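As recorded in TrEMBL:
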TRANSMEM  12-35  transmembrane segment
DOMAIN    50-181  domain 'ABC-2 type transporter transmembrane'
TRANSMEM  55-73  transmembrane segment
TRANSMEM  94-118  transmembrane segment
TRANSMEM  138-157  transmembrane segment
TRANSMEM  164-181  transmembrane segment
TRANSMEM  219-237  transmembrane segment
Amino acid sequence: MLAVFIKEFSSFFSSLVAYIAIGVFLVMTGLFLWVFPESSILDNGYATLDSLFAVVPYLFMFLIPAITMRSLAEERKDGTFELLATRPLSDFQIIGGKFVACLSVIVFTLMLTIIYYFTVRTLSVPSGEVDSGAIAGSYIGLVLLGASFISIGIFASSVSKNQIVSFSLAVFLCFFSFSGFDSLSTLISLQAVDAFVSSLGISEHYQSLGRGVIDSRDVLYFLSFSALFLTLTKTVLGGRKW
């Protein structure tokens with residue numbers, strides 16, 4: 001598994017696409033946080049990173065599929081997965097190595113945004129008056145959200161040898177899992193059913209963590225979600241006839 005992780009992580013940063021993707025992500029978060037009038041801290045006058053945590057999930061819907069689309073699709077297309085499978089590694093170890101490598105990339109990318117926290121903390125009046133608990137909870141939520149989207153992306157990459165198809169499928173599944181259940185809940189008039197359907201989606205659990213209270217139910221939801229799609233990936237690989 002470690003060998004798969006090192007190979008996947010190093011190959012990502014050996015590509016120019018990686019730096020472009022991370023660069024675009026940082027530029028977009030900076031624009032939403034400091035430039036665009038509706039979300040700019042400077043225009044709103046509040047020392048908060050709410051606009052950052054509101055936009056990152058939607059940026060993740062494109063960034064993460066761009067990272068994961070080649071994880072299995074490229075190896076299947078080039079025929080190198082068969083060579084990888086001949087090593088003394090189980091499918092779960094291969095999937096796990098790729099998953100941890102992609103998650104490490106996302107954590108690294110999020111670490112680059114920590115400068116926003118210190119900037120907002122400095123600009124606040126009085127200095128240091130920011131809700132650090134809520135910000136910490138939101139960052140934890142982003143890591144768990146990233147893990148969930150990565151599991152979707154790896155699954156999508158296992159379904160098709162075409163990277164564009166894998167990317168498109170991952171974007172759709174990420175969007176639906178985050179916002180789709182909320183949309184479906186609005187179509188249901190029964191309050192109990194409405195709340196249940198909404199709780200199936202990622203958005204509700206992500207917003208809950210953003211309040212600064214780490215609820216074990218939310219953490220368990222994200223872990224179960226990731227495990228589900230990684231298991232589906234294992235099922236796809238287990239039935240391969242390449």
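Every residue, even glycine, has its Cβ placed from backbone N, Cα and C.
Helix first, then strand, then coil: DSSP counts for the domain 'ABC-2 type transporter transmembrane' (50-181) stand at 108 helix, 0 strand, 24 coil. Here the transmembrane segment (164-181) does not touch the transmembrane segment (94-118). Their Cβ atoms form fewer than 3 pairs under 8 Å, with each pair 6 or more residues apart. Same-chain residues lying 6 or more positions outside the transmembrane segment (138-157) and placing a CB less than 8 Å from one of its CB atoms are 49, 53, 56-57, 60-61, 64-65, 67-73, 95, 98-99, 102-103, 106-107, 110, 163, 166-167, 169-170, 173-174, 177-178, 202, 205-206, 209-210, 214, 218-219, 222-223, 225-230, 232-233, 236. Take the transmembrane segment (219-237) and the stretches 12-35, 55-73, 94-118: counting Cβ pairs under 8 Å, 94-118 has the most.
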